[in-house]
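For reference, the structure is listed below as structure tokens.
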């Protein structure tokens, strides 16, 4: 599923009212009774799921930290009954037009502080790191507030001045005539970019941008139980904001390397072990590899090829609750010899004779079976 914030078309700092308005607008757009296009109903359900998760502070916090992996089925399908009125739809449609009743009426166009962009960092970790978690150092390139000008973008002793194009409003207005009447369209000032200010004497260190790109070392905590696709959020380590706005966040996307002998299946670990046919028949105690180190495994007498034995609590810790762990399931592979020595063959034929309930006839039958099995005549 797509990112929940993207589905609703809101930023990650959106408050409850913003989320609600966005949900109503999107839900109406994709409601199956209104939108008959293929895929509209699926998108309608996705939007409902996104709103249900993000409107609850606890599930939103888990989603922000771990993505969908952190939800663990905590939220179900959303009730779509509350569509709300048409006010938000009309507000969205008329946003940007002035005049009586227009959505832009009384709204300041000058840009204030803006939050910095979020950043993505892809990190590959070992299988054992994913199981037990670890603190790891990474280096990221990101924008930080310029320490020379303090983020103002201007040289020392100078500062921003009011934009002469928009008079400091950050917006310019343009009259448009339509069959429905005249409208005044409000657009961002092209000279100042909506800030209402221009910098006549820019800072040499940052070129008037107020930010500089640097490489920064971070130590991030990888929790136990993560998997490929898990997303970790590092608050405030994205790009620096503009005009005193807060920094964005850093999102670390994990990829887990495969293990040569162990394989993950949910919270369980799968592995195989080879035993001889005598160990399978008589039983034995062996050591097998686990993420906790070599562990003793009992092979019961009469173990059949393909039997799966369980090592309890040797699996993957549950993300967010590392005390709960899965199991390791060990499939027993019985190795048969391709050739037998004469004494081995004699002993096996004697065993086959004793085991047969039909005497000599069965003895000859089993003898032929061993010959075919081990390639001897």
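Counting begins at 1 with the first residue displayed.
Cβ from N, Cα, C; glycine included.
Note that the coordinates shown come from a computational prediction; the quantities given were computed from them, not determined experimentally.
The average pLDDT computed for the domain 'J' (3-67) is 87. Summarising the annotation, Swiss-Prot assigns domain 'J' to 3-67 and lists sequence analysis as the type of evidence.
Feature annotation from Swiss-Prot assigns zinc finger to 133-215.
Listed as Cβ neighbours of the repeat 'CXXCXGXG motif' (146-153) (distance under 8 Å, sequence separation of 6 or more from its ends, same chain) are residues 159-160, 199, 202-206, 208-212, 240, 242-244. Here Swiss-Prot flags 146-153 (among others) as repeat 'CXXCXGXG motif'.
Residues or ranges marked as Zn(2+) 1 binding site in Swiss-Prot: 146, 149, 203, 206. According to DSSP, residue 146 (Zn(2+) 1 binding site) sits in a coil region rather than a helix or strand.
Annotation comment: Swiss-Prot describes 163-170 (among others) as repeat 'CXXCXGXG motif'.
According to Swiss-Prot, the Zn(2+) 2 binding site annotation covers 163, 166, 189, 192. If you take the C-beta of residue 189 (Zn(2+) 2 binding site) and look for same-chain residues 6 or more apart in sequence within under 8 angstroms, you find 163, 165, 166, 169, 170, 171, 172, 196. According to DSSP, residue 189 (Zn(2+) 2 binding site) sits in a coil region rather than a helix or strand.
What Swiss-Prot lists as repeat 'CXXCXGXG motif' is 189-196 (among others). Sequence-remote contacts of a segment are chain residues at least 6 beyond its ends whose Cβ falls under 8 Å from one of its Cβ atoms, and for the repeat 'CXXCXGXG motif' (189-196) they are 109-111, 160, 162-166, 168-172, 243.
What Swiss-Prot records for 203-210 (among others) is repeat 'CXXCXGXG motif'. Sequence-distant contacts of the repeat 'CXXCXGXG motif' (203-210), counting only residues of its own chain at least 6 positions beyond either end whose CB sits under 8 Å from a CB of the stretch, comprise 145-149, 151-155, 242-243.
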### Task
Kindly report the helix/strand/coil residue split of the repeat 'CXXCXGXG motif' (163-170) according to DSSP, in that order.
0 helix, 0 strand, 8 coil
### Query
Whole-number Å distance between the CA of residue 206 (Zn(2+) 1 binding site) and the CA of residue 192 (Zn(2+) 2 binding site)?
17
### Query
Taking the Cβ of residue 206 (Zn(2+) 1 binding site) as the centre, how many other Cβ atoms fall within a 10 Å radius?
22
### Query
What is the number of other Cβ atoms found within 10 Å of the Cβ of residue 149 (Zn(2+) 1 binding site)?
24
